[in-house]
Amino acid sequence: MTSNRLQRVGPTSFVAFLAGVAAVAGSYATAGFTPAFVVAPVAAFLTRTVPDAVLRFAIVTLGTFAGIDHFGQLLNLALATGLTTALLAGVSFLALVAGRRLDARLAPVGLVGASMWVVTVVLTGQLMLSLGAAVGGAVVVLVAELAAVMGEPSAATDSSVRRRVLGGVASAFGVGILSYLFGRSASGPAAVTSSVDGSGTPGGPDGSGPSSNDSQSVGDSTVTQEYLAEAERRTLDVDGLEGLVSDDFYQVDINNIDPNLRASDWTLSVTGSVEQEATYTYDELTAMGDEQRFVTLRCVSDKINGTLMDTDLWTGVPISRILDEVNPQGAFVMLRAADDYFEEFPVEALEDGFLAYGKRGGPLPRAHGHPVRALIPGHWGEINVKWVTEMEILDGPEKGFWERRGWHGTGPVNTVAKLHTTNRRDGQIQAAGHAYAGTRGIERVEVSIDGGETWADATLSDRLPAGTDESGEAAEDAWRQWEHTYENPGRRHTVVVRATDSTGTLQPREEESPFPSGATGWVSKTISP
Ligand SMILES: Nc1nc2c(c(=O)[nH]1)N[C@H]1C(S)=C(S)[C@@H](COP(=O)(O)O)O[C@H]1N2
Ligand SMILES: [Mo]
C-alpha cells in the first residue's frame, strides 16, 4: 500500500464510522425508542440467541447490579448499539469507496444514504421510519465531501483531508444533537408510559407522554378512588415501608425496547383447539367489562428477599367471558405477544385469569403491556403475558420462552415473607415487610429475633378488598404487609421471618436459588443494636 493510499484509508474509515454513528442517531430521530429504531432488532436478536446461562446470569445476577436496575439489559443495549454502529459504519465504508470510484462528486453521498436506508429497512421492516438513518449518514458524508473540496477543488492534500475529517465530526455531532431532540418526541405516539405510575424501563426513556387517544381514564374513576382509599386505610403505618399499592411497579421482560402498540390497531385472536375461533378489537374487549382488581405479581427470578414483587389495581375483563364464547376443547393454552414472547400453561389457570387494559384508573402503561396483558391469579409473573395478541388453545403441553431455557415458572408462586424495613426508636426495633402466597393467601407471619429459636406473631395488614361493597370479601391474589416491634436487645442479633399460607403450610426453610423454580428459604437479616 502506498503512503498516499494509507493516507486516504484512515480518513475514509473515520468518515464511514461517523456516518454509521449519524445513521444510528438519525434512525433514533425518526423512530424514537421504539421497535422501529435500528438498534432494536439487534438487541432483540442478542437476547433471543444468547446462551441460556448468560441470559440467566444477566437477569438474576445483573438484574439489579451496583444499585442499577436492569443492569444486564443496559449492557445488552450498549452491545447492540455498538454492533449496529459497526455494521452501518462497515456498509458506509464500502459505499464511500464505491462512490468515490464513480465519476460524480455526490455519488458517495447518495450511496451512503441509500445503503443506510436499505440496511435499516432490512433490520426493522420500516420504509418511512428508516429515512432518518439515510439522512443522518448522508449529511455526514456530504459535509465531509464539501469541506474537503473547499478552496482546492481536486487534490487530496493534507489540509483537505483534515477538513474532511473535521467536517465529518462537526456534522455527526450536529446530527446527534438534533436526533436526540427529535427522537425523544418520536418515542410516542401510541406509547403510554411510566407517567401513570412512575416506573420506567431499562435505560429510562421508553416513550413520551400519553397520546390523546390512549390516555383517557379507564374504568369507573369513582370505583378506582374508593379502592385506592380503602387500600390506603389498610396500609400499615410504618416509616419507609412501601404501601399495599406499589409506588414503583417492577418490570421484567425480554425487551430492551418495548413494543409500542396503539390500542386502535390491536387485536386478540383466539385460535387452535376451540369450537369457535374469534378475534377481538380493543373496543370489543373493553365493552365486555371494566372490573377492577388488586393483583400482586412476582417474578420467578426474584431473589428470596428481592424486589421483583408488586401490587396494583388493574382494570379488565375476566377471561372466562371469552372462553364462554370460544369454548376451548384442549387443556393447554399458549399466549403469544407482540414481542414474540410466548408462554404455555393449563387452561384451568386461564379460566380464572383477567385481561387487563388499565392500571390504577389509567390505560395500561407501555412498560406493563399496553394495550392489554394477561393476569393469571397466583402464578409466577412470566405467564402474565404483556402486549398479548394471541391465545392459542392446545391439545398437549408445549414449552414457553423460559421453559425452553430451563426455567419452571408456569406454576403457582412460592410462599414468601420479605423483610425490607427496620426502624429504631425509644429502645425498640421495628421490622416490617410484605408477604405473598398467591391465591393461597397469607394467614400468618412469624418473626424470630434469636435466629430461629423462638417465634412471635407479626401484625398483619387487613387483606386488600375484592370489591368496594360491604361484602368484606378479600382480593384473591394479593399480598399483605407485616410488622413486628420488639425491645432492642442491645447486641447484634439475627431476625428471621417466615409466612404460613391459608392452607396452613409453612414457608419451606430449605434454601433454593431462583433458578429454576423460584427462590425458597426464610429471609434473615443481621441487625446491630
Ligand atoms: N410479552 C411479554 N410478556 C411478559 C414478559 C415478556 O418478556 N414479554 N415477561 C414476563 C415476566 S418474566 C414477568 S415477571 C412479568 C412482569 O410484569 P411487569 O413487567 O408488568 O412487572 O411479565 C411477564 N410478561
Ligand atoms: Mo418473570
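Keep in mind that glycine also has a Cβ here, set from the backbone N, Cα and C atoms.
TrEMBL labels come from automatic prediction, so no person has curated them.
Copied over from TrEMBL:
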- 14-46: transmembrane segment (TRANSMEM)
- 53-71: transmembrane segment (TRANSMEM)
- 77-99: transmembrane segment (TRANSMEM)
- 106-125: transmembrane segment (TRANSMEM)
- 131-153: transmembrane segment (TRANSMEM)
- 165-183: transmembrane segment (TRANSMEM)
- 192-222: region 'Disordered' (REGION)
- 208-219: compositional bias 'Low complexity' (COMPBIAS)
- 259-402: domain 'Oxidoreductase molybdopterin-binding' (DOMAIN)
- 424-510: domain 'Moybdenum cofactor oxidoreductase dimerisation' (DOMAIN)
- 501-529: region 'Disordered' (REGION)
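Across the domain 'Oxidoreductase molybdopterin-binding' (259-402), DSSP helix (H, G, I), strand (E, B) and coil residues number 28 helix, 60 strand, 56 coil. Look at the region 'Disordered' (501-529): DSSP puts its residues at 0 helix, 9 strand, 20 coil. Panel annotation: around the transmembrane segment (131-153), residues 15, 18-20, 22-31, 38, 88, 92, 96, 105-106, 108-110, 112-117, 119-120, 159-161, 163-168, 170-172, 174-175, 179, 182 of the same chain, lying at least six beyond its termini, place a Cβ under 8 Å from a Cβ of the stretch.
Restricting the average to the domain 'Oxidoreductase molybdopterin-binding' (259-402) gives a pLDDT of 97.
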